[in-house]
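The block underneath contains the structure these notes are about, expressed in C-alpha coordinates.
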Amino acid sequence: MNIQTYLGKIARKEKNHFWIFVSVLAVLSAFLCYRYSVEGCITPGHDAIFQYNRFYTIYESIINNNFPNYIDFANPNQYGYATNLFYPDLIFSIFAFTGRFIGVFYAYQLMLFSMTFLCGIFTFISAKKLTDSKIAGYITAILYTFCFYRIVSMFERSSIAEALTFTFVPLLVWGLYEIIKGDYKKWYIFTISCSLFALTHMLSTVLAASIVILILIIYIKSFIKEPKRIVYLAVSGISTVLLSAYFLFPLLEQLQNDTFNINILENEDFIRLSLQDIVSGMFLLSTMSINTYKFLPSIGATLTFAVFLRFFIKTNSEKIKNIDAIVIISTILLFICSDILPNELYPNYFFAKIQFLWRYFEFISFGLALGGGYYISLMIQREKKTIALFITYLFMIVMMISINSTKFIQYTNLQIYTPFGRNKPVGTQDNNYCLGLGDKLEYLPVPVTLSSIEKRGNVLKKRKEKTIITNIQRKRETTIFDIKLSEKDNIELPLTYYKGYTATINNANIGVTKSKNGFVEIPVNQSGKVTVKFTGTFLQKYSIYITLVSSILLSIYVIIQNRKTYK
(Lines of atoms letter the chains of each structure in order from A and count residues from 1; the text may use other names and numbers.)
(Lines give C-alpha, C1' and ligand atoms only; values in the text may rest on other atoms or scores of the structure.)
Protein backbone atom coordinates (compact mmCIF):
# COMPACT_ATOMS: atom_id res chain seq x y z
CA MET A 1 0.00 0.00 0.00
CA ASN A 2 1.61 3.31 -1.09
CA ILE A 3 1.40 6.49 0.97
CA GLN A 4 -1.24 8.09 -1.26
CA THR A 5 -3.57 5.08 -0.94
CA TYR A 6 -3.01 5.00 2.82
CA LEU A 7 -3.76 8.70 3.22
CA GLY A 8 -6.82 8.34 1.02
CA LYS A 9 -8.15 5.53 3.18
CA ILE A 10 -7.84 7.68 6.29
CA ALA A 11 -9.33 10.73 4.56
CA ARG A 12 -12.45 8.81 3.53
CA LYS A 13 -13.47 8.39 7.16
CA GLU A 14 -15.04 11.66 8.23
CA LYS A 15 -14.69 10.86 11.93
CA ASN A 16 -10.90 10.92 11.44
CA HIS A 17 -10.90 14.42 9.98
CA PHE A 18 -11.12 16.33 13.25
CA TRP A 19 -8.34 14.36 14.92
CA ILE A 20 -6.13 14.68 11.86
CA PHE A 21 -6.74 18.42 12.00
CA VAL A 22 -5.98 18.61 15.74
CA SER A 23 -2.79 16.60 15.26
CA VAL A 24 -1.60 18.78 12.37
CA LEU A 25 -2.48 21.93 14.33
CA ALA A 26 -0.60 20.76 17.43
CA VAL A 27 2.48 19.70 15.45
CA LEU A 28 2.60 22.97 13.46
CA SER A 29 2.09 25.02 16.66
CA ALA A 30 4.96 23.22 18.37
CA PHE A 31 7.12 23.49 15.24
CA LEU A 32 6.47 27.24 15.00
CA CYS A 33 7.39 27.90 18.65
CA TYR A 34 10.44 25.63 18.42
CA ARG A 35 11.79 27.22 15.25
CA TYR A 36 11.65 30.69 16.77
CA SER A 37 13.19 29.64 20.09
CA VAL A 38 16.65 30.71 21.23
CA GLU A 39 18.22 28.29 23.69
CA GLY A 40 17.93 29.52 27.26
CA CYS A 41 16.51 32.88 26.16
CA ILE A 42 13.22 34.57 25.47
CA THR A 43 12.61 34.83 21.73
CA PRO A 44 13.89 38.32 20.81
CA GLY A 45 11.98 40.86 18.74
CA HIS A 46 10.97 44.52 18.65
CA ASP A 47 8.86 44.53 21.85
CA ALA A 48 10.10 41.31 23.45
CA ILE A 49 11.73 42.88 26.50
CA PHE A 50 8.63 44.98 27.26
CA GLN A 51 6.24 42.04 26.92
CA TYR A 52 8.33 39.62 28.99
CA ASN A 53 8.88 42.28 31.66
CA ARG A 54 5.08 42.72 31.84
CA PHE A 55 4.59 38.98 32.15
CA TYR A 56 7.28 38.68 34.84
CA THR A 57 5.87 41.60 36.83
CA ILE A 58 2.45 39.91 36.94
CA TYR A 59 4.12 36.65 37.99
CA GLU A 60 5.91 38.47 40.84
CA SER A 61 2.64 39.97 42.06
CA ILE A 62 1.14 36.47 42.15
CA ILE A 63 3.96 34.89 44.15
CA ASN A 64 4.03 37.95 46.46
CA ASN A 65 0.25 37.65 47.04
CA ASN A 66 -0.58 41.18 45.86
CA PHE A 67 -2.39 40.33 42.63
CA PRO A 68 -3.91 42.17 40.81
CA ASN A 69 -1.01 44.57 40.59
CA TYR A 70 -1.32 47.64 38.40
CA ILE A 71 2.12 49.23 38.80
CA ASP A 72 5.57 48.06 37.72
CA PHE A 73 7.32 49.52 40.77
CA ALA A 74 10.84 48.72 39.56
CA ASN A 75 10.66 50.83 36.40
CA PRO A 76 11.56 53.44 35.43
CA ASN A 77 14.28 53.87 38.06
CA GLN A 78 11.83 52.79 40.83
CA TYR A 79 9.41 55.61 39.99
CA GLY A 80 6.71 53.18 38.86
CA TYR A 81 4.83 52.78 35.59
CA ALA A 82 1.15 51.79 35.50
CA THR A 83 1.63 49.11 32.85
CA ASN A 84 -1.34 46.98 33.83
CA LEU A 85 -3.68 49.93 34.29
CA PHE A 86 -3.35 50.69 30.60
CA TYR A 87 -2.44 47.30 29.13
CA PRO A 88 -5.03 44.59 29.90
CA ASP A 89 -3.54 41.46 31.40
CA LEU A 90 -6.15 38.67 31.45
CA ILE A 91 -4.29 36.17 29.24
CA PHE A 92 -0.91 37.09 30.72
CA SER A 93 -2.32 36.56 34.22
CA ILE A 94 -3.81 33.14 33.44
CA PHE A 95 -0.47 31.81 32.20
CA ALA A 96 1.57 33.69 34.82
CA PHE A 97 -0.33 31.64 37.43
CA THR A 98 1.08 28.47 35.88
CA GLY A 99 4.54 29.90 36.51
CA ARG A 100 4.15 28.91 40.15
CA PHE A 101 4.33 25.28 39.06
CA ILE A 102 6.49 25.21 35.92
CA GLY A 103 8.52 28.40 36.23
CA VAL A 104 7.89 31.77 34.64
CA PHE A 105 10.06 31.09 31.56
CA TYR A 106 8.16 27.93 30.62
CA ALA A 107 4.83 29.57 31.48
CA TYR A 108 5.62 32.25 28.89
CA GLN A 109 6.49 29.63 26.26
CA LEU A 110 3.34 27.68 27.15
CA MET A 111 1.29 30.82 26.51
CA LEU A 112 2.69 31.21 22.98
CA PHE A 113 2.01 27.56 22.12
CA SER A 114 -1.43 27.37 23.76
CA MET A 115 -2.77 30.56 22.19
CA THR A 116 -1.53 29.44 18.78
CA PHE A 117 -3.29 26.11 19.20
CA LEU A 118 -6.48 27.77 20.48
CA CYS A 119 -6.40 30.19 17.54
CA GLY A 120 -6.71 27.16 15.26
CA ILE A 121 -9.50 25.58 17.31
CA PHE A 122 -11.56 28.79 17.54
CA THR A 123 -11.03 29.50 13.85
CA PHE A 124 -12.25 26.01 12.94
CA ILE A 125 -15.39 26.35 15.08
CA SER A 126 -16.18 29.82 13.72
CA ALA A 127 -15.37 29.09 10.07
CA LYS A 128 -17.44 25.90 10.18
CA LYS A 129 -20.43 27.93 11.40
CA LEU A 130 -19.89 30.69 8.84
CA THR A 131 -19.44 28.36 5.85
CA ASP A 132 -21.50 25.31 6.89
CA SER A 133 -18.47 23.22 5.92
CA LYS A 134 -16.12 21.29 8.20
CA ILE A 135 -13.52 21.04 5.44
CA ALA A 136 -13.59 24.81 4.96
CA GLY A 137 -13.29 25.16 8.73
CA TYR A 138 -10.18 22.96 8.88
CA ILE A 139 -8.47 24.73 5.98
CA THR A 140 -9.35 28.23 7.22
CA ALA A 141 -7.98 27.38 10.66
CA ILE A 142 -4.59 26.35 9.27
CA LEU A 143 -4.43 29.29 6.85
CA TYR A 144 -5.24 31.87 9.52
CA THR A 145 -3.33 30.43 12.48
CA PHE A 146 -0.13 30.24 10.44
CA CYS A 147 -0.65 33.27 8.23
CA PHE A 148 2.37 35.43 7.57
CA TYR A 149 1.27 38.50 9.51
CA ARG A 150 0.44 36.54 12.67
CA ILE A 151 3.91 34.99 12.69
CA VAL A 152 5.52 38.40 12.13
CA SER A 153 3.40 39.95 14.88
CA MET A 154 4.14 37.25 17.44
CA PHE A 155 7.86 36.76 16.82
CA GLU A 156 9.50 39.45 14.70
CA ARG A 157 7.53 42.30 16.27
CA SER A 158 7.09 40.37 19.54
CA SER A 159 3.91 42.34 20.08
CA ILE A 160 2.65 39.42 22.12
CA ALA A 161 -0.57 40.89 23.53
CA GLU A 162 -1.61 42.07 20.09
CA ALA A 163 -0.74 38.68 18.59
CA LEU A 164 -2.85 36.94 21.24
CA THR A 165 -5.97 38.73 20.02
CA PHE A 166 -5.72 36.83 16.70
CA THR A 167 -7.23 33.97 18.70
CA PHE A 168 -10.46 35.93 19.21
CA VAL A 169 -10.96 37.44 15.73
CA PRO A 170 -12.83 34.34 14.44
CA LEU A 171 -15.22 34.47 17.41
CA LEU A 172 -15.76 38.19 16.80
CA VAL A 173 -16.73 37.63 13.15
CA TRP A 174 -18.96 34.67 14.03
CA GLY A 175 -20.70 36.62 16.81
CA LEU A 176 -21.20 39.61 14.54
CA TYR A 177 -22.69 37.35 11.87
CA GLU A 178 -25.21 35.93 14.38
CA ILE A 179 -26.34 39.43 15.35
CA ILE A 180 -26.59 40.73 11.77
CA LYS A 181 -27.92 37.72 9.83
CA GLY A 182 -27.98 34.63 12.01
CA ASP A 183 -29.58 33.69 15.32
CA TYR A 184 -29.48 36.94 17.28
CA LYS A 185 -30.27 35.02 20.48
CA LYS A 186 -26.64 33.90 20.29
CA TRP A 187 -25.57 37.50 20.98
CA TYR A 188 -23.34 36.20 23.77
CA ILE A 189 -20.77 34.95 21.22
CA PHE A 190 -20.18 38.54 20.16
CA THR A 191 -20.09 39.64 23.80
CA ILE A 192 -17.52 37.02 24.79
CA SER A 193 -15.25 37.84 21.85
CA CYS A 194 -15.43 41.61 22.48
CA SER A 195 -14.70 41.09 26.18
CA LEU A 196 -11.70 38.89 25.41
CA PHE A 197 -10.39 41.60 23.11
CA ALA A 198 -10.86 44.30 25.75
CA LEU A 199 -9.13 42.18 28.40
CA THR A 200 -6.17 41.31 26.17
CA HIS A 201 -5.10 44.34 24.09
CA MET A 202 -6.74 47.75 24.07
CA LEU A 203 -5.42 48.99 20.73
CA SER A 204 -6.65 45.83 18.99
CA THR A 205 -10.02 46.45 20.65
CA VAL A 206 -10.15 49.92 19.09
CA LEU A 207 -9.27 48.45 15.69
CA ALA A 208 -11.93 45.75 16.12
CA ALA A 209 -14.51 48.38 17.10
CA SER A 210 -13.80 50.39 13.95
CA ILE A 211 -14.21 47.25 11.81
CA VAL A 212 -17.46 46.34 13.60
CA ILE A 213 -18.88 49.84 13.08
CA LEU A 214 -18.01 49.67 9.37
CA ILE A 215 -19.72 46.29 8.95
CA LEU A 216 -22.79 47.41 10.92
CA ILE A 217 -23.14 50.37 8.55
CA ILE A 218 -22.80 48.11 5.50
CA TYR A 219 -25.50 45.75 6.81
CA ILE A 220 -27.80 48.36 8.35
CA LYS A 221 -30.74 46.99 6.33
CA SER A 222 -30.75 43.87 8.51
CA PHE A 223 -31.50 46.02 11.57
CA ILE A 224 -34.16 48.05 9.76
CA LYS A 225 -35.83 44.83 8.66
CA GLU A 226 -35.61 43.23 12.13
CA PRO A 227 -35.39 45.91 14.86
CA LYS A 228 -34.99 43.18 17.49
CA ARG A 229 -31.42 42.80 16.32
CA ILE A 230 -30.72 46.34 17.56
CA VAL A 231 -31.93 45.33 21.03
CA TYR A 232 -29.66 42.29 21.15
CA LEU A 233 -26.74 44.35 19.85
CA ALA A 234 -27.33 46.80 22.72
CA VAL A 235 -27.58 43.96 25.25
CA SER A 236 -24.33 42.57 23.88
CA GLY A 237 -22.61 45.95 24.24
CA ILE A 238 -23.76 46.47 27.84
CA SER A 239 -22.73 42.93 28.76
CA THR A 240 -19.30 43.50 27.22
CA VAL A 241 -18.75 46.54 29.43
CA LEU A 242 -19.69 44.56 32.55
CA LEU A 243 -17.53 41.58 31.62
CA SER A 244 -14.59 43.91 30.94
CA ALA A 245 -15.10 46.00 34.09
CA TYR A 246 -11.97 44.55 35.70
CA PHE A 247 -9.88 46.49 33.18
CA LEU A 248 -12.18 49.14 31.68
CA PHE A 249 -13.38 50.87 34.86
CA PRO A 250 -9.91 51.50 36.38
CA LEU A 251 -8.65 52.55 32.93
CA LEU A 252 -11.42 55.11 32.41
CA GLU A 253 -11.02 56.37 35.98
CA GLN A 254 -7.31 56.98 35.42
CA LEU A 255 -7.79 58.64 32.02
CA GLN A 256 -10.48 60.92 33.43
CA ASN A 257 -8.29 61.85 36.39
CA ASP A 258 -5.18 62.98 34.51
CA THR A 259 -3.57 63.81 31.17
CA PHE A 260 -1.03 61.37 29.73
CA ASN A 261 1.49 61.52 26.93
CA ILE A 262 -0.79 59.41 24.74
CA ASN A 263 -3.25 62.33 24.73
CA ILE A 264 -0.82 64.40 22.68
CA LEU A 265 -0.13 61.65 20.14
CA GLU A 266 -2.79 63.05 17.82
CA ASN A 267 -0.12 65.49 16.64
CA GLU A 268 2.19 62.65 15.61
CA ASP A 269 2.42 61.04 12.18
CA PHE A 270 1.05 57.58 11.42
CA ILE A 271 2.56 55.04 9.06
CA ARG A 272 1.11 53.52 5.90
CA LEU A 273 2.80 51.02 3.62
CA SER A 274 3.51 51.90 0.01
CA LEU A 275 1.29 50.28 -2.62
CA GLN A 276 4.36 48.48 -3.94
CA ASP A 277 5.07 46.95 -0.51
CA ILE A 278 1.42 45.91 -0.11
CA VAL A 279 1.36 44.15 -3.49
CA SER A 280 4.80 42.54 -3.22
CA GLY A 281 3.98 41.35 0.31
CA MET A 282 0.99 39.45 -1.04
CA PHE A 283 3.27 37.04 -2.92
CA LEU A 284 6.02 36.45 -0.37
CA LEU A 285 6.88 33.55 1.91
CA SER A 286 9.63 35.64 3.51
CA THR A 287 10.46 39.35 3.69
CA MET A 288 13.85 38.79 5.27
CA SER A 289 17.18 38.95 3.48
CA ILE A 290 20.53 37.75 4.75
CA ASN A 291 22.36 40.86 3.53
CA THR A 292 19.86 43.59 4.36
CA TYR A 293 17.25 43.88 7.08
CA LYS A 294 13.81 45.10 6.11
CA PHE A 295 10.76 44.88 8.30
CA LEU A 296 7.73 44.44 6.06
CA PRO A 297 4.35 43.40 7.52
CA SER A 298 2.65 41.38 4.78
CA ILE A 299 -0.39 39.28 3.95
CA GLY A 300 1.82 36.56 2.47
CA ALA A 301 1.51 34.11 -0.39
CA THR A 302 -0.46 31.42 1.47
CA LEU A 303 -3.54 33.64 1.72
CA THR A 304 -3.16 35.27 -1.70
CA PHE A 305 -2.92 32.00 -3.62
CA ALA A 306 -5.91 30.57 -1.74
CA VAL A 307 -8.06 33.59 -2.64
CA PHE A 308 -6.95 33.43 -6.30
CA LEU A 309 -8.61 30.02 -6.55
CA ARG A 310 -11.93 31.90 -6.71
CA PHE A 311 -11.29 32.51 -10.41
CA PHE A 312 -11.54 28.75 -11.03
CA ILE A 313 -14.90 28.33 -9.27
CA LYS A 314 -18.03 28.79 -11.38
CA THR A 315 -20.76 28.37 -8.76
CA ASN A 316 -22.65 31.47 -7.58
CA SER A 317 -24.61 30.23 -4.57
CA GLU A 318 -25.84 32.58 -1.84
CA LYS A 319 -23.17 31.22 0.51
CA ILE A 320 -20.28 31.96 -1.83
CA LYS A 321 -21.67 35.45 -2.45
CA ASN A 322 -21.52 36.11 1.31
CA ILE A 323 -17.95 34.79 1.44
CA ASP A 324 -17.06 36.89 -1.61
CA ALA A 325 -18.37 39.97 0.22
CA ILE A 326 -16.03 39.28 3.15
CA VAL A 327 -13.07 38.84 0.78
CA ILE A 328 -13.93 42.05 -1.09
CA ILE A 329 -14.24 44.06 2.14
CA SER A 330 -10.92 42.61 3.34
CA THR A 331 -9.20 43.47 0.05
CA ILE A 332 -10.53 47.04 0.11
CA LEU A 333 -9.26 47.45 3.68
CA LEU A 334 -5.89 46.08 2.60
CA PHE A 335 -5.46 48.81 0.02
CA ILE A 336 -6.82 51.47 2.38
CA CYS A 337 -3.77 50.63 4.51
CA SER A 338 -1.54 51.71 1.61
CA ASP A 339 -0.51 55.22 0.61
CA ILE A 340 -2.70 55.50 -2.51
CA LEU A 341 -5.34 57.69 -0.81
CA PRO A 342 -4.67 61.27 0.34
CA ASN A 343 -3.78 61.87 4.00
CA GLU A 344 -6.82 64.12 4.43
CA LEU A 345 -9.09 61.05 4.41
CA TYR A 346 -7.43 59.72 7.57
CA PRO A 347 -8.40 61.63 10.75
CA ASN A 348 -5.13 62.21 12.60
CA TYR A 349 -6.86 62.09 15.99
CA PHE A 350 -7.73 58.41 15.45
CA PHE A 351 -4.97 57.05 13.24
CA ALA A 352 -2.08 58.68 15.12
CA LYS A 353 -3.01 56.58 18.15
CA ILE A 354 -3.11 53.43 15.98
CA GLN A 355 0.36 54.44 14.67
CA PHE A 356 0.58 51.73 12.00
CA LEU A 357 -2.31 51.13 9.61
CA TRP A 358 -0.99 47.66 8.84
CA ARG A 359 -2.29 46.62 12.26
CA TYR A 360 -5.55 46.04 10.38
CA PHE A 361 -3.83 43.05 8.70
CA GLU A 362 -4.95 41.01 11.72
CA PHE A 363 -8.56 41.29 10.58
CA ILE A 364 -7.84 41.39 6.86
CA SER A 365 -5.93 38.10 7.19
CA PHE A 366 -8.96 36.39 8.71
CA GLY A 367 -11.28 37.60 5.95
CA LEU A 368 -8.89 36.33 3.27
CA ALA A 369 -8.26 33.06 5.14
CA LEU A 370 -12.01 32.45 5.42
CA GLY A 371 -12.47 33.07 1.71
CA GLY A 372 -9.42 31.02 0.78
CA GLY A 373 -10.45 28.14 3.02
CA TYR A 374 -13.93 28.07 1.51
CA TYR A 375 -12.64 28.28 -2.07
CA ILE A 376 -10.18 25.42 -1.49
CA SER A 377 -12.96 23.30 0.02
CA LEU A 378 -15.03 23.81 -3.15
CA MET A 379 -12.06 22.91 -5.34
CA ILE A 380 -11.69 19.58 -3.59
CA GLN A 381 -13.71 17.10 -5.65
CA ARG A 382 -11.47 14.09 -6.01
CA GLU A 383 -9.41 12.21 -3.47
CA LYS A 384 -6.11 12.84 -5.27
CA LYS A 385 -6.78 16.56 -5.48
CA THR A 386 -7.64 16.59 -1.78
CA ILE A 387 -4.29 15.09 -0.86
CA ALA A 388 -2.36 17.23 -3.35
CA LEU A 389 -3.84 20.51 -2.10
CA PHE A 390 -3.45 19.46 1.52
CA ILE A 391 0.22 18.55 1.10
CA THR A 392 0.95 21.64 -1.05
CA TYR A 393 -0.37 24.05 1.54
CA LEU A 394 1.28 22.27 4.45
CA PHE A 395 4.54 22.42 2.52
CA MET A 396 4.12 26.18 1.88
CA ILE A 397 3.42 26.84 5.56
CA VAL A 398 6.35 24.73 6.76
CA MET A 399 8.63 26.45 4.24
CA MET A 400 7.42 29.90 5.33
CA ILE A 401 8.07 29.11 9.00
CA SER A 402 11.44 27.50 8.26
CA ILE A 403 12.79 30.27 6.02
CA ASN A 404 11.71 33.14 8.26
CA SER A 405 12.78 31.51 11.51
CA THR A 406 16.21 30.62 10.07
CA LYS A 407 16.83 34.21 9.04
CA PHE A 408 15.35 35.45 12.32
CA ILE A 409 17.93 33.46 14.29
CA GLN A 410 20.66 34.72 11.97
CA TYR A 411 19.58 38.28 12.73
CA THR A 412 19.77 37.41 16.41
CA ASN A 413 23.34 36.18 15.96
CA LEU A 414 24.17 39.43 14.14
CA GLN A 415 22.69 41.38 17.12
CA ILE A 416 19.95 42.95 14.99
CA TYR A 417 17.74 41.32 17.60
CA THR A 418 19.22 41.05 21.09
CA PRO A 419 18.20 37.95 23.06
CA PHE A 420 17.92 38.09 26.84
CA GLY A 421 17.79 35.41 29.51
CA ARG A 422 14.85 33.84 31.29
CA ASN A 423 15.19 35.96 34.43
CA LYS A 424 13.39 39.27 34.78
CA PRO A 425 14.95 41.89 32.49
CA VAL A 426 16.85 44.59 34.37
CA GLY A 427 15.56 48.02 33.43
CA THR A 428 18.26 50.53 32.56
CA GLN A 429 18.45 53.81 30.69
CA ASP A 430 19.98 51.93 27.74
CA ASN A 431 16.91 49.69 27.27
CA ASN A 432 14.38 52.41 28.18
CA TYR A 433 13.67 50.54 31.42
CA CYS A 434 11.98 47.72 29.48
CA LEU A 435 9.00 50.00 28.85
CA GLY A 436 9.07 50.53 25.10
CA LEU A 437 10.48 53.19 22.82
CA GLY A 438 10.70 56.94 23.17
CA ASP A 439 11.29 59.47 25.93
CA LYS A 440 7.59 60.31 26.28
CA LEU A 441 6.20 56.91 27.18
CA GLU A 442 2.50 56.79 26.35
CA TYR A 443 1.20 56.37 29.89
CA LEU A 444 3.48 58.65 31.82
CA PRO A 445 1.45 61.61 33.09
CA VAL A 446 2.19 64.94 31.45
CA PRO A 447 4.81 66.47 31.86
CA VAL A 448 6.83 63.41 32.97
CA THR A 449 9.38 61.92 30.58
CA LEU A 450 12.14 59.37 31.06
CA SER A 451 14.74 62.12 30.78
CA SER A 452 12.99 64.17 33.48
CA ILE A 453 13.06 61.12 35.76
CA GLU A 454 16.78 60.62 35.10
CA LYS A 455 17.48 64.30 35.70
CA ARG A 456 15.49 64.41 38.94
CA GLY A 457 17.20 61.41 40.50
CA ASN A 458 15.95 59.04 43.17
CA VAL A 459 15.49 61.59 45.95
CA LEU A 460 12.71 63.07 48.09
CA LYS A 461 12.41 66.82 47.55
CA LYS A 462 11.32 69.31 50.18
CA ARG A 463 10.38 72.99 49.91
CA LYS A 464 11.60 74.13 53.33
CA GLU A 465 15.32 74.12 53.94
CA LYS A 466 15.01 73.21 57.64
CA THR A 467 12.94 70.05 56.98
CA ILE A 468 14.93 66.91 57.81
CA ILE A 469 14.13 63.56 56.12
CA THR A 470 15.80 60.38 57.39
CA ASN A 471 15.49 56.56 57.45
CA ILE A 472 14.14 56.26 53.91
CA GLN A 473 12.90 52.74 53.08
CA ARG A 474 11.50 51.72 49.71
CA LYS A 475 9.99 48.33 48.91
CA ARG A 476 7.79 47.76 45.87
CA GLU A 477 4.58 49.76 46.42
CA THR A 478 5.62 51.27 49.79
CA THR A 479 7.88 54.20 50.72
CA ILE A 480 8.53 54.92 54.42
CA PHE A 481 10.58 57.73 55.94
CA ASP A 482 10.92 59.83 59.09
CA ILE A 483 10.44 63.58 58.88
CA LYS A 484 11.23 66.43 61.26
CA LEU A 485 9.57 69.79 60.62
CA SER A 486 10.08 73.32 61.81
CA GLU A 487 7.06 74.42 59.75
CA LYS A 488 4.54 72.90 57.33
CA ASP A 489 6.04 71.50 54.15
CA ASN A 490 5.21 69.69 50.91
CA ILE A 491 7.28 66.65 49.98
CA GLU A 492 7.67 65.47 46.40
CA LEU A 493 8.52 61.76 46.19
CA PRO A 494 10.36 59.87 43.41
CA LEU A 495 7.09 58.23 42.39
CA THR A 496 5.15 58.71 39.16
CA TYR A 497 1.71 60.03 40.06
CA TYR A 498 -1.23 57.74 39.42
CA LYS A 499 -4.57 57.76 41.17
CA GLY A 500 -4.44 55.06 43.86
CA TYR A 501 -1.65 56.26 46.13
CA THR A 502 -2.46 56.88 49.81
CA ALA A 503 -0.32 58.38 52.58
CA THR A 504 -0.27 58.50 56.37
CA ILE A 505 1.78 60.29 59.01
CA ASN A 506 1.82 58.67 62.41
CA ASN A 507 -1.01 56.43 61.10
CA ALA A 508 -3.23 59.45 60.30
CA ASN A 509 -4.33 59.88 56.67
CA ILE A 510 -2.97 62.78 54.64
CA GLY A 511 -3.73 63.85 51.09
CA VAL A 512 -1.87 62.77 47.97
CA THR A 513 -1.69 65.08 44.96
CA LYS A 514 0.18 65.40 41.69
CA SER A 515 3.07 67.85 41.79
CA LYS A 516 3.64 70.35 38.99
CA ASN A 517 6.36 67.97 37.75
CA GLY A 518 3.98 64.99 37.55
CA PHE A 519 5.15 63.13 40.66
CA VAL A 520 3.50 62.14 43.95
CA GLU A 521 3.36 65.03 46.43
CA ILE A 522 2.10 65.08 50.00
CA PRO A 523 1.44 67.94 52.47
CA VAL A 524 3.08 67.36 55.88
CA ASN A 525 2.16 69.45 58.93
CA GLN A 526 3.80 67.49 61.76
CA SER A 527 6.92 65.47 62.46
CA GLY A 528 6.80 61.69 62.54
CA LYS A 529 6.80 58.56 60.38
CA VAL A 530 5.37 58.91 56.88
CA THR A 531 4.10 55.95 54.83
CA VAL A 532 3.20 56.36 51.15
CA LYS A 533 1.69 53.31 49.47
CA PHE A 534 -0.14 52.39 46.29
CA THR A 535 -3.25 50.81 47.80
CA GLY A 536 -5.52 51.28 44.79
CA THR A 537 -8.85 53.03 44.33
CA PHE A 538 -12.26 51.54 44.99
CA LEU A 539 -12.65 50.68 41.30
CA GLN A 540 -9.18 49.14 41.12
CA LYS A 541 -9.98 46.91 44.08
CA TYR A 542 -13.53 45.86 43.31
CA SER A 543 -14.10 46.01 39.54
CA ILE A 544 -12.81 42.46 39.31
CA TYR A 545 -15.91 41.30 41.21
CA ILE A 546 -18.18 42.93 38.61
CA THR A 547 -16.35 40.90 35.96
CA LEU A 548 -16.59 37.68 38.00
CA VAL A 549 -20.32 38.08 38.77
CA SER A 550 -21.08 39.03 35.16
CA SER A 551 -19.15 35.99 33.93
CA ILE A 552 -21.10 33.67 36.22
CA LEU A 553 -24.46 35.16 35.20
CA LEU A 554 -23.59 34.96 31.50
CA SER A 555 -22.49 31.33 31.90
CA ILE A 556 -25.81 30.47 33.56
CA TYR A 557 -27.69 32.24 30.75
CA VAL A 558 -25.77 30.36 28.04
CA ILE A 559 -26.39 27.00 29.73
CA ILE A 560 -30.14 27.70 30.05
CA GLN A 561 -30.37 28.88 26.42
CA ASN A 562 -28.55 25.81 25.12
CA ARG A 563 -30.81 23.50 27.10
CA LYS A 564 -33.86 25.17 25.55
CA THR A 565 -32.34 24.85 22.08
CA TYR A 566 -31.57 21.13 22.35
CA LYS A 567 -34.81 20.05 24.04
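A Cβ is built for glycine as well, from the same backbone N, Cα and C atoms used for every other residue.
No curator has checked TrEMBL annotations; they are predicted automatically.
Remember, predicted model here, so these are calculated numbers, not experimental data.
Within the chain carrying the transmembrane segment (18-37), a Cβ under 8 angstroms from the stretch's Cβ atoms is held by residues 10-11, 43, 109, 112-113, 116-117, 120-121, 124, 134, 138, 141-142, 145-146, 151, 155, 394, 397-398, 401-402, 405-406, 408-409, all 6 or more beyond its ends. Among the features that TrEMBL reports, transmembrane segment is placed at 18-37 (among others).
Sequence annotations record features per position, and here TrEMBL assigns transmembrane segment to 85-103 (among others). Long-range neighbours of the transmembrane segment (85-103) within the same chain, counting only residues 6 or more positions beyond its ends whose Cβ lies under 8 Å from a Cβ of the stretch, are 54-55, 58-59, 62-63, 67-68, 70-71, 110-111, 114-115, 161, 164, 196, 198-202, 246-247, 250-251, 254, 422, 442-443, 498, 540.
Remote same-chain partners of the transmembrane segment (110-129), defined as residues 6 or more beyond its termini with a Cβ less than 8 Å from a stretch Cβ, comprise 21-22, 25-26, 29-30, 32-33, 43, 55, 91-92, 95, 98, 102, 136-138, 140-142, 144-145, 150, 154, 160, 163-164, 166-168, 170-171, 173-174, 177, 366, 369-370, 373-374. According to TrEMBL, the feature transmembrane segment maps to 110-129 (among others).
As annotated by TrEMBL, transmembrane segment applies to 135-152 (among others).
For 159-177 (among others), the entry in TrEMBL reads transmembrane segment. Remote same-chain residues near the transmembrane segment (159-177) are listed as 46-47, 51, 54-55, 87-88, 91-92, 111-112, 115, 118-119, 122-123, 125-127, 129-130, 144-145, 150, 153, 186-194, 196-197, 200-201, 203-205, 208, 212, 215, 236, 359, 362-363, 366-367, 370 (criterion: CB distance under 8 Å, separation of at least six residues from the stretch ends).
Remote same-chain partners of the transmembrane segment (189-218), defined as residues 6 or more beyond its termini with a Cβ less than 8 Å from a stretch Cβ, comprise 86-91, 161-162, 164-165, 167-169, 171-172, 174-176, 178-180, 233, 236-237, 239-240, 243-244, 246-248, 251, 329, 333, 350, 353-354, 359-360, 362-363, 554. The transmembrane segment annotation in TrEMBL covers 189-218 (among others).
Look at TrEMBL and you will find 230-249 (among others) tagged as transmembrane segment.
Look at TrEMBL and you will find 295-313 (among others) tagged as transmembrane segment.
Feature annotation from TrEMBL assigns transmembrane segment to 325-341 (among others).
Annotated transmembrane segment per TrEMBL: 361-380 (among others), in sequence order.
What TrEMBL records for 387-405 (among others) is transmembrane segment.
Long-range Cβ contacts of the transmembrane segment (542-560) within its own chain (Cβ-Cβ under 8 Å, at least 6 residues beyond either end) map to 68, 188, 191-192, 239, 242-250. The transmembrane segment annotation in TrEMBL covers 542-560 (among others).
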With the greatest number of Cβ pairs under 8 Å to the transmembrane segment (135-152), the stretch among 230-249, 295-313, 325-341, 361-380, 387-405 is 361-380
Examine the transmembrane segment (387-405) against the transmembrane segment (230-249) and state whether at least 3 Cβ pairs sit under 8 A, considering only residue pairs 6 or more apart.
no
